[in-house]
Every structure is written in structure tokens, then in C-alpha cells.
Amino acid sequence: MDSPRNVTEFFMLGLSQNPQVQRMLFGLFLLVFLVSVGGNMLIIITITFSPTLGSPMYFFLSYLSFIDTCYSSCMTPKLIADSLHEGRAISFEGCLAQFFVAHLLGGTEIILLTVMAYDRYVAICKPLHYTTTMTRHVCIVLVAVAWLGGILHSTAQLFLVLQLPFCGPNVINHFVCDLYPLLELACTDTYVIGLLVVANSGVICLLNFLMLAASYIVILRTLRSHSAEGRRKALSTCGAHFTVVALFFVPCIFIYMRPSSTLSIDKIVAVFYCILTPMFNPLIYTLRNAEVKNAMKNLWRK
């Protein structure tokens, strides 16, 4: 049951109150948004229409690009609009919707990145069983599991917020609706809920990151017996994936693996994984992957 509340809308402080800085942020975030959406859509189109990119790795990469496109579209347009004027109001329902979608996509991406590491583990450590293990049916099931995990995670987070009474103030010291800034506005003791947030968000991030790290340790040990060319190709693919993992996981662990309090650096960290990481992902995968670059060139010639 929802807790009683007097608050019908929130006001976001954003990243800066300086009009000149706001104009600079508008141009910067508009450029980042266009590059992010354009780059990720280009990867989706390239994988969809390129017969040479039919392996499970690219199947998962297309879904990662789709999630990053949605993630950027969930966060950045509101931030761009808020940079143009001082009124940064968002309805209570709109705040919860943004919060739910962000955690849905974030939770799904965390699990999908772990699935992609498992795909690389099977391809490198058990190559003879790769085609029989990573069938199209298995890939679809793994993507479905990632989405289901994201739904369960975001639903649990939303349930925690709905238990909070909001009686005022209603000014969020952030540029997005997230748990810790909302916990600060609740007119009740939030210690227990803060621990549940750490258990739900922080532990999930940490456990998945540890599984990813363990899989790459096994992969690196296996690569010692491969040829120099085989090591180079595998390290190129795995290096791109691990870079994406580090860019997404490290900020998330920093934010959620600590008590429910906000730090001055939290906004900068949030900009990194909410706004910049979805832009970096397509750049990392295309610049370090010859197959993707060649497929893009072939599509361009057509």
C-alpha cells in the first residue's frame, strides 16, 4: 500500500544554477545524446542487416545497443530540457516512472553484460562446444532472463519508494530521480530501506562484477595456450567488453555499495554512467572490432 504523501511534484536542482553553465551543458548533452542514439542505432542496423555478424556475440551486442538507446532516451532529454530554463519540475508519477525505467534498463544491462562474458568464456575456453551450447534458443532465453532480472530489480526498488511518506520538502539535489536523493526527502527513518537498497542494487552489481572478473581470469589463463593471432583476436574482443563493464559497473558499485547518503561527487558519477557510458559503448565496440567496421563499410557501399 502506498504511504501517505503531501508532495505532488519534485523540483530538480540539476547540475548547475549558473545560466552560462546551463547553456554549455545544453550543447554538450545534446551532442552526447545524438552521438549515443546515433551510434547505438547504427550498431543495431549493422548487425541486423549483416549476414557476417550472425554469431551470438553480435546478437547480444545488438540488445546491449538497444538498452543503451533506451537508457539515453530515458535520462538525457529531460536533462537537456532542464538546461534551457529554471523550472525543473517533475510530477511525482513522472519521477517514479523515470526511476523505474532507469533501474529496469540498468538492471537488465548488468545481467546482459554478465551473459556476454559467459558467451566469451564458452567461445574461448570450450570452442568445440560453442555452436551446440550457444544456440539461438539459448541466446533468446538468456536475453529474456536479463529482462526478467531487470524487471524484478526495478519492481523491488519501486516498492521501496512507495513505502516512503513524502510530506515536504520536495527539492531533489540531483538531475535524475534516484533512490538516495528520494530517501533524503522522506519524512521517516530510512535506515532499513537504505540497507535494502544496498542489498538489492549494490550486491547485485558487486556479485555480477565478481562473476565477470572470474570469467576473464579463466579466459586469460586459457589464452596462454593459444597462438599469437588467436590471443590478439580474443583479447581485442574481450578488451572491448571488459572496458564497457568497467565503465558501467565501477560507478554503480560506488553509488550503491555504501550507506544511504549523497555525496557531492555523486552527480558527476551519475553523469558518467547515465549519460556518457551509453555513448562510449558503440565507440568502444566499433573502434576495436574489425568485423563490425567492415560490416558498416559494406552497408555504406550498398
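The backbone N, Cα and C atoms fix where each Cβ goes, glycine too.
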Check: T132 and V292 same membrane side, Swiss-Prot record: yes
N6 (N-linked glycosylation site) and C95 (disulfide bond), Cα-Cα, nearest whole angstrom: 15
Residues in the topological domain 'Cytoplasmic' (117-139) grouped by DSSP into helix, strand and remaining coil: 20 helix, 0 strand, 3 coil
Stretch in 25-45, 47-67, 96-116, 140-160, 192-212 most in contact with the transmembrane segment (237-257), if contact is a CB pair under 8 A: 192-212
Of 25-45, 47-67, 96-116, 140-160, 192-212, whichever stretch has the most CB pairs under 8 A to the transmembrane segment (267-287): 25-45
